[in-house]
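In what follows, a single structure is set out as structure tokens and then discussed.
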Amino acid sequence: MIEQEMTEDGARLPSNPTSSSPSPDQVLDIVLETVLAFLTTRHDRNAASLVCKSWYRADALTRSELFIPNCYSVLPARVTARFRRLRSLLLKGKPRFADFQLMPHDWGAHFAPWVTAISDAYPSLQKLYLKRMSVTDFDLALLAHSLPAFKDLTLVCCEGFGTSGLAMLATKCRQLQVLDLIEDEVSDDEVDWISCFPQGETSLRALTFDCVDCPINFDALEQLVARSPRLKKLRVNRFVSIGQLYLLMLRAPQLSHLGTGAFSPSEQAPHADPEPHLASAFSACRSLSSLSGFRDIALEYLPSIYPVCANLTSLNFSYANIDLEQLNSVISRCHKLQVLWVLDSIGDEGLQVVAATCKDLRELRVFPIDAREDSESPVSEVGFQAISEGCRKLRSILFFCQRMTNAAVTAMSKNCSDLVVFRLCIMGRHRPDHVTGAPMDEGFGAIVKNCKKLTRLAISGLLTDRAFEFIGKYGKLVRTLSVAFAGNSDTGLRFVLEGCPNIQKLEIRDSPFGDSALRSGIHHFYNMRFLWMSSCRLTRQCCQEIAQALPRLVVEIFSNDEQRAVTDDIDVLYMYRSLEGPRADVPADVTIL
């Protein structure tokens with residue numbers, strides 16, 4: 001309603017409309033904030049914030065989700081000062097090589113300063129995703145106490161907390177909908193955390209704790225599942241027997257994602273035979289589309305899952321040591337499968353069965369049952385090529401093997417040209433094409449040349465600088481490159497640093513790249529998320545020069561033994577961009593130049 005004012009004779013006249021109308025700049029801000037609300041991807045948001053100052057301010061006022069790929073790239077105080085309305089935060093800590101014990105255990109990536117900041121600044125925060133962070137029980141307690149509306153917590157490859165922290169979360173976060181613990185190191189504090197969830201109907205939609213390697217109160221878990229009617233994803237640990245799994249499935253026939261735990265009988269009742277009942281429980285789960293677990297699989301119970309195979313789109317057998325016959329009995333029923341993780345125990349014949357059946361497969365991971373360099377892998381270029389010929393919708397592949405050929409890799413590049421992720425790990429150092437004896441250059445060259453959408457690449461085997469020349473020439477969209485035991489000289493890495501404009505993450509280990517190669521990328525390091533080089537040919541002097549030339553690049557070096565600590569050679573170099581400069585929590589065996 002337009003405001004009115006009195007005249008001398010008592011009549012009411014409309015006030016000047018311009019006195020309460022927003023200014024043109026305010027109108028523009030309102031329109032801009034409304035438009036930005038329709039930008040849902042972080043890449044679009046980031047691009048919009050760089051247009052001008054007004055767009056930058058509007059983005060800060062309207063952004064509800066934030067992704068920080070490196071917890072040391074920005075201080076929590078800078079984040080909370082700019083963004084005032086966050087509801088969701090995704091935060092990453094250590095680089096991937098931390099998973100392979102290539103970093104000091106106490107390197108850092110502490111969640112403590114972040115949880116202190118967000119507990120004060122974002123009382124309405126609902127979702128938190130942490131990856132490779134150090135999280136303590138105190139951090140989880142502060143989170144639970146400070147965020148009354150908190151609903152969704154995912155911890156991936158995190159460490160430092162135990163069942164005491166989980167108990168605090170379950171007790172205080174009464175609106176919790178998602179608790180996903182994925183490949184975390186969780187200490188056993190002998191606390192019954194499952195019993196701490198509130199009584200009465202819960203809001204739980206997802207509960208994943210297959211990495212929690214300690215017994216749980218099954219009676220409390222069964223009751224929790226029973227009073228969680230919205231539960232769609234449940235992944236239990238190996239201490240849940242197959243008989244207990246049956247009881248949980250009876251309580252939650254609405255599940256769409258199930259992690260089976262041990263998938264074997266209880267040690268207390270080894271002769272119990274729940275198989276007929278288990279099959280009926282699977283039959284009742286009509287929405288089940290994803291299966292994982294099978295950590296201590298009793299193969300005689302495998303037929304129990306047959307009733308749901310026709311609807312499965314995701315199957316994770318990466319803990320199940322099964323052979324060709326057992327795989328065939330399952331896969332032959334899985335015509336809708338899009339994601340498959342398996343051990344190489346299935347052999348080339350098993351991969352041929354997958355290729356003949358799973359025509360809609362989008363992601364395949366084949367892990368080694370024995371990862372030693374001198375082991376004999378049951379899979380080779382035969383199964384690899386069968387996959388490329390039978391699964392032409394493939395978008396992502398991770399494949400461990402001991403033998404490969406350029407011809408098979410080239411066939412993959414032609415048959416599966418929509419590949420976005422290609423990771424081929426030929427175990428054993430400097431292994432050539434095992435048929436021709438030639439380097440694997442042509443095969444990987446074909447991948448980057450023919451797969452126009454490729455963004456992630458991992459290379460291995462006998463590779464010369466020629467392979468890196470192919471990557472630099474054709475890998476224009478590659479954002480993540482992982483290199484191990486490859487290359488002839490600095491020229492190889494120079495091809496990549498000068499030819500791949502979108503490279504964000506570069507991981508190199510045990511390769512003959514030195515100072516000259518590192519200097520060739522100085523123009524690009526500010527545009528990268530990080531560079532990791534271990535067991536290469538770098539010197540401290542060169543790393544120091546890079547640090548001095550690029551002051552907003554944090555240059556960390558690790559000393560892994562006393563001998564190298566007193567030489568100019570560098571064991572590990574880890575460089576990352578940061579708005580804040582060197583961090584304060586540097587352990588003794590890490591030096592920031």
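Think of each number as a place in line: the chain as shown, counted from 1.
Any Cβ shown, glycine's included, is placed from N, Cα and C.
If you look up TrEMBL, you'll see 1-25 marked as region 'Disordered'. Annotated compositional bias 'Low complexity' per TrEMBL: 14-24, in sequence order. For 25-64, the entry in TrEMBL reads domain 'COI1 F-box'. Summarising the annotation, TrEMBL assigns domain 'Transport inhibitor response 1' to 85-130.
Across all of the domain 'Transport inhibitor response 1' (85-130), the predicted model scores a mean pLDDT of 93. Residue counts of the domain 'Transport inhibitor response 1' (85-130) by helix, strand and coil are 15 helix, 10 strand, 21 coil (DSSP-based). DSSP assignment over the domain 'COI1 F-box' (25-64) gives 30 helix, 0 strand, 10 coil.
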